[in-house]
Every structure is written in structure tokens, then in C-alpha cells.
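Trainee: Got a structure here, written out as C-alpha cells. Questions coming.
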Amino acid sequence: ALEPLSVSLAIGVAWAITGYLSHPNFYCSYVECCPSDGHRINATALRAQLDARLFGQHLAKDVVLKAVMGFANNPSPKKPLTLSLHGWAGTGKNFLSQILAEHVHPAGLRSKFVHLFLATLHFPYEDKVKLYKEQLQNWIRGNVSACPHSVFIFDEMDKMHPGVIDAIKPFLDYYEQVDRVSYRKAIFIFLSNAGGDLINKAALDFWTSGKRREEIQLKDLELMLSVGVFNNKNSGLWHSSLIDRNLIDYFVPFLPLEHKHVKMCVRAEMTARGYAVDEKIVQAVADEMTFFPKEQKIYSDKGCKTVQAKLDIHED
């Protein structure tokens, strides 16, 4: 027969081990957990990442950093943070959204709490808009119920059929709860090429008037951008209640990239591949890019989008 003391000791050890294994810190070191309400985004690390990986976008970096940190440090936000990123392809919209997602959930786009929707993949057919709206509401409701700090990224908004995105309007509004679920700590990000022409024209006007691009401020572009996409049938936000009800917190413009920014992208890509930076190759890749306007050739018409492919042909 076992001694009572031995039995008690064994039970105590078992309870201790069980308690240790079930402790959130131990469990979450092996399985991804939703961040607690006390979780804070590291502003210094986020700024460093944006400075090191996103080029030529002083305005977008400043606006998003302030918006995200203000939201993250608010213990009781009144609504979810909603950002709409606009600009031509290759200017860094996807890049910034990925960096932001990584600082909310370290696994980034691989996180089960970060959800990427592609208009041409998830909402391809115009005659199924009603179904898409129902599905979208169910997806968001289920995921926010599982993790209040969920991040939702909607790419290709300019290819989204009109009306689809209005399905999420109740979740972005100033409601404490919708069907007993609070959405106030979630983040919604829209990515769109719509408005890119307006942004490019404004940037060119600044250049023509002799002003530095760093002098461009959000107030110079945001109203024009919101009105432009609201009246653009190919924006995904055409006559959207999200704009009409002022539920998008910031319209963030991404400026067209200049020759020097393309070179920065090439250097960063070479470093990421473990290469020593060779300025001759940097120049060669930049020279293969095409620029606009036709006469001045100031801005890359593809941003940095084709840098990786062009660098491939310069590998030894």
C-alpha cells in the first residue's frame, strides 16, 4: 500500500505540473494565442521596420504610425481602426500592411488572426454580391469572436464589386457591441490602386512648383482622395456607406516613387538575398525601369514592383 504522505506528494506534484503546463505563458509559447488587452505594440520597433523597409513614403509612414499607436494605446477605443491605403502598384501598400500585421501578430500573414481577402479570388462574380456580403459578415463575426484583436486586410479594393464592402459597415461603426460581439479592438485595412492618378498629379504639381515631396501633408491629399474614390465606380468604395458615415479613419496616400527610391529597393533586395551591394548592378536595374511623365521621367510607373524580377537577370 502507498503511504498517505507519498500519495499526497504525488498529487501535489501532478497539480503543480498541470498548473504550469496550463499557464497561458507556457501554452502560448507553443500555440499562437490572441494578444491580451494589455498587449502593446512596440512603437520604436515599428518605426524602425518602416524606415528600413518602406521607401519614399514619409506621409504614409507618419500617418499610419501615429494612427496605429494611438489606437493600440487606447484602452477603450470607440470603434475599430480603419485605414484605406491608396496609390499605384509597387508603392508599398502591401508592404506596409504586412509590417503592421507582424507587429500586431508576430506570425504576420501566417497568423490565424490576420485575414487577407483578395477581391478577384474571394469575391469574383458580380451576380453573387448578396452571397458575398452574407459570407463576409459571418467570417468577420466568427473571427472577431475568437480574437478581438483580429486584423482584416482587403486587397484589390479597386476590383471589388460595388456594395460588397458595405456589408461590414455595422462592424466599423460606433457600436459597443453587435450581436453581443465587440469589434472595437479589430483593425481593418483596405488596399487600392484607385486614387493613384490623383495622388500622382498632386505629387507632380508639387515638383513642378519647386516644392520637396516631403512637404506634402495629409491635408493636401486626403479630402481629394476620399471624394475621388467615393465617386469612382471602380474603387470598391463607390457611394459606399463607409465613406458617407465617416467610418474610414484615414485615407492614406502612397506617393509615386522616384529614381532614388527604386535604387533603395534594389539595395534592400540585394541585402535580403545576402549579396554585397554592387552599385553598378543597382544602377543597371534602376535604368531598366520605366518612368513618367514621358518628358521629365521622374516617377517609376511600376514603383518597385518588378525590382526582384529584374535583379534576377543580373545574378552571376
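Cβ from N, Cα, C; glycine included.
Summarising the annotation, TrEMBL assigns ATP binding site to Gly87, Trp88, Ala89, Gly90, Thr91, Gly92, Lys93, Asn94. The domain 'Torsin-1A C-terminal' feature in TrEMBL is assigned to 257-312.
What's the neighbourhood like for each of these?
Mentor: Counting every protein chain shown, 28 other Cβ atoms lie within 10 Å of the Cβ of Lys93 (ATP binding site).
Broken down with DSSP, the domain 'Torsin-1A C-terminal' (257-312) shows 30 helix, 5 strand, 21 coil.
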Trainee: Within the same chain, and leaving aside Gly87, Trp88, Ala89, Gly90, Thr91, Gly92, Lys93, Asn94, name every residue whose CB is within 8 angstroms of the centroid of the CB atoms belonging to the recorded ATP site, in sequence order.
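Mentor: Here the nearby residues are Phe95, Asn193, Phe254, Gly303, Lys305.
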Trainee: For each of Thr91, Asn94, count the other CB atoms within 10 A of its CB; which of these binding-site residues has the top count?
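Mentor: Max Cβ neighbours within 10 Å, all protein chains included: Thr91.
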Trainee: Write out the long-range same-chain contacts of Ala89 (ATP binding site), meaning residues 6 or more apart in sequence whose Cβ is under 8 Å from its Cβ.
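Mentor: Same-chain residues close to Ala89 (ATP binding site) (Cβ under 8 Å, separated by 6 or more) are Asn193, Lys302, Gly303, Lys305.
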Trainee: Gly87, Gly90, Gly92: which of these binding-site residues has the sparsest Cβ neighbourhood within 10 Å?
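Mentor: If we count Cβ atoms within 10 Å for the binding-site residues Gly87, Gly90, Gly92, the smallest count is at Gly90.
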